[in-house]
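Here the structure comes first, spelled out in structure tokens, and everything after it is commentary.
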Amino acid sequence: MPKRTDIKSILIIGAGPIIIGQACEFDYSGAQACKALREEGYKVILVNSNPATIMTDPEMADVTFIEPVNWRVVERIIEKERPDAILPTMGGQTALNCALDLYNNGVLDRYGVELIGASPEAIDKAEDRSKFKEAMTAIGLESARSGIARSMEAAWEVQRQMGFPVIIRPSFTLGGTGGGIAYNGEEFEVICRRGLEASPTNELLIEESLIGWKEFEMEVVRDRADNCIIICSIENLDPMGIHTGDSITVAPAQTLTDKEYQIMRDASIAILREIGVDTGGSNVQFAINPKDGRIIVIEMNPRVSRSSALASKATGFPIAKVAAKLAVGFTLDELKNDITGGATPASFEPTIDYVVTKVPRFTFEKFPLADPHLTTQMKSVGEVMAIGRTFQESFQKALRGLEVGVDGMNEKTTDLEVIREELGEPGPERIWYIGDAFAQGFTIEEVYNLTHIDPWFLAQIKEIVDIELWLDKQKLADLDRDMLFRLKQKGFSDRRLAWLLKTTDVEVRNRRRELNIRPVYKRVDTCAGEFATSTAYMYSSYDEECEANPTDRQKIMVLGGGPNRIGQGIEFDYCCVHAAMAMREDGYETIMVNCNPETVSTDYDISDRLYFEPLTLEDVLEIVDLEKPIGVIVQYGGQTPLKLALDLEKNGVPIIGTSPDMIDAAEDRERFQQLLQKLDLRQPPNRTARTEEEALEMAQEIGYPLVVRPSYVLGGRAMEIVHEQSGLERYMREAVKVSNDSPVLLDRFLNDAIEVDVDCISDGTRTFIGGVMEHIEQAGVHSGDSACSLPVYSLSRETVDELKRQTTLMAHALNVVGLMNVQFAIQKEEVNGEMKDKVFVLEVNPRASRTVPFVSKATGLQLAKIAARCMVGKTLDSQGIFSETIPPYYSVKEAVFPFIKFPGVDTILGPEMKSTGEVMGVGKTFGEAYVKSQMGAGVTLPRSGKVFLSIKDSDKPRAVKVARELIRLGFSIVATRGTAETIRQAGMEAETINKMAEGRPHVGDLLKNGEIVLVINTVEERRNAIADSRAIRTSSLAARVNTITTIAGAEASVQGMSYLDDIHVYDLQSLHKTLN
């Protein structure tokens, strides 16, 4: 069937902010869908609250709304734009739930809008655990023994029939939120209560434990003519019991017999038919009992998922693009396969002649209090994918792509007790402990009994370890060409070989090149070499024939950011994509190097040539050597490529833009201090300590409170504010190992200062200010965790001008070519009886920063593209960039946190970054923009009820104003003793309640009884004060009550609350027309 002509405009719902379980793979699918539908002449309307996405770029859709993704706001958009249809399958669980809400609240009927890609009935049947189970029984497929519970009584009833352990899965949630495995009654009670809270329908599925079974996934695509194809089978190396997002996965499946594969294939297709997924992609999960081969269906997602992004990157088959076209009526045989240049139709099932391994990336170091054991609730924040000709090659490439300080199967321990414990209770590093087990003489059978990982995988890993044990006794000079070539084929990196052979990676590289052992590059072609491919999507392997065929055009290479993590996420990928687009528009051939399967940058049609490779010195040098680019951009991918900059330069790689030496001058504290002194700019008093004694002396000199941190970190890793000597001593003891090579930085902490971010672009002579953002939270909260406003909302014009003057001076002094970000702190001081602003420079980063996408959306100027053009020698003038844009509306960026996934972690904000994503709110006033940013972040600000206040002394004068405003809005106040006194003295009513430690009834009781609607809790930055009040924040998180931990956040929230019932929606295209 050709495309439908009865619909003209389609609304695509995006996934909102990046959270654990829902990352940038939905930007990749949404961007593809926008492209695919516009290609067919449909008007595309998009809603997504996340400004750091490519899909919200104004040129991607016809009308773009950066607005909260909830049904009430989306209803406003439908009312304004009147789309004919909604495509809800591109925005993860968020979009599906929003579409169901629109359907259930009658919005779709009211405006005559239809859902395409998935019907409400199909979504409901797939997502509702009991309906899905009935459907499986109806088509004769087995699912796990289970029962449904909507209350604690019912849950215990089900558990009695099952025994322990049991798995608990809440309905309609994402990434296993709220679920878990219970081995005893106490755990069962905790998980079930949490799960009932987490499920929007208050429904749990309690099922028999399949722990230790093998887990598989099938990616299936079906069209309306009932053509079905399997894109790829994915095998989880980790068995059941670990969320698939936290498992190492391999494609295609390695340990299935042909018969098992055919059974699963037929079952997946039957499931899509039964659930009623008429068009598009779905992912079906199975479990196999290794003892008797029993196959069970676990669940399906009737939408594009994290696994489908992986399957798309693994095979080159663009699932989201094809699904979007199928949703408007095409059939698979009518669509062409891009990769083979149309030689094959989309109904041609991909065949692959290589192995793909995906390994998750965890960030537990950010949450020392979280439980690092892996269960059915997802905890990883990113992932890395690698391609090789064998499992061993792709597996070892993936490990070194993770950037967790390993080059392969690095040793963790020789302690047998620890090894047994780590194998039995899986944590984020289990795979390395398996290596240690083999090194200590464990047999495959012993490791299998502890881990239930298929013996085939264990044998592969054991072989790598056996080779390492042999290499330990060899010398580099003794290895002949044949031996070294075989080692490289197994995926050993130069660095790992150097460590095993007790030499340097430079020596290994030179020896390899002497013997002419170089990687070749193979193309991903969807057809195992059957047809020629027109796209250059490459991976390296140690093999005979090279398929790269580089051209002799002028090339610019962009190094991506590698796996997502807290502190380095989608914002950097956004910049890399823009760099590639700008260079391509200007006629250069663009080359992208990255290893993150979730991102837009690894989409084969963003750049001319894509190398899916780890970002290590060895891998990058080999590609540079083959392609010979005239320039390499390292400033856009965050710390990952920056760490390689100096070494690349030493090896003669042409790095363009700001020089690595100047990037170092801004990073290196002593060099930076000298620079500021020369420019006569002020920074907080600071010193660098190389021993503990030195640190204690310097602290006396600077004065407490202090911010302490290790040098060279991103995302404020291990940063703390200490208030007295004992705090500093504890920090030096527990948090860091101080030495000559890794000194500790001490800065005077500025109390009650306002923090400001400035993004600018310099072409080497002139500097252009992209945007000045005022933070809402005071200095001391990491800038990535703070909300910020553009334009500023409280600073004076002269202060802003002074910030611009200082920014321009520094850009000039550092010879910046490209982007630069500066963080300032502003303190009030009294001069002759009047209050003046005193400006301090906190830090300067001559590279892309995480605010670039937000500023670009707010001001309508694509900073990353303008800066990339400066790097290849274009001036700002020649690009028509003259004066800064100050919009006539407010944009507020707010951070989004993963606390719900880590019960027990303190929600207080501090100098170490904890957020995973961001949203943006736009409004005619600051209050309107702020309240929309809160809605987008999933924070429900209440309309009435009791608000609990517990405020530190220095914030009390400001708290009185907040209380007055709350009472005016109709709230009543409950407060701890001191805070209640202050409020009463100001002539308002406040009820006193005990702190947690003061006896009952205390605030925790009120929270449990659902009497409190909002908690405002600010504490001294002292460690003991934070610990004392932690119980309040933990109970409010458990009760799902929003907690505000800064007084500035409280002020902004009350300002925003008066706009709750008066929300307007604005599209970017119209907003940008109002700019100069």
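Glycine is treated like the rest: Cβ placed from N, Cα and C.
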Requested in this report: Look at the ATP 1 binding annotation in TrEMBL, where ARG129, ARG169, GLY175, GLY176, GLU208, LEU210, GLU215, GLY241, ILE242, HIS243, GLU299 are given, and name the residue from GLN159, GLN161, GLN254, GLN285 listed for that site too.
Outcome: GLN285
Query raised in the report: Looking only at GLY175, GLY780, the binding-site residues on record, which one has the least crowded Cβ, with the fewest other Cβ atoms within 10 Å?
Result: GLY780
Report summary line: Top of the binding-site residues GLU208, GLU215, GLU299, GLU843 by count of other CB atoms within 10 A is GLU215
Report summary line: Closest by Cα to ARG129 (ATP 1 binding site), out of the binding-site residues ARG709, GLY780, HIS782, GLN823, is HIS782
Requested in this report: Can you grab the distance from GLU299 (Mn(2+) 1 binding site) over to GLU215 (ATP 1 binding site)? Cα atoms, rounded to a whole Å.
Outcome: 11
Query raised in the report: For HIS782 (ATP 2 binding site), which DSSP three-state class applies?
Result: coil
Query raised in the report: Across all protein chains in the structure, which of the binding-site residues GLN285, ASN301, GLN823, ASN845 has the highest Cβ count within 10 Å?
Result: ASN301
Requested in this report: Determine, from DSSP, whether ARG129 (ATP 1 binding site) sits in helix, strand or coil.
Outcome: helix
Report task. Could you check which of the binding-site residues (ARG709, GLY780, HIS782, GLN823, GLU843) sits closest to GLU208 (ATP 1 binding site), going Cα to Cα? Result -> HIS782
Requested in this report: Sorry to bug you, but what's the C-alpha spacing from GLU843 (Mg(2+) 3 binding site) to GLU215 (ATP 1 binding site), rounded to the closest Å?
Outcome: 47
Report task. Kindly assign ARG709 (ATP 2 binding site) to one of the three DSSP-derived states: helix, strand or coil. Result -> strand
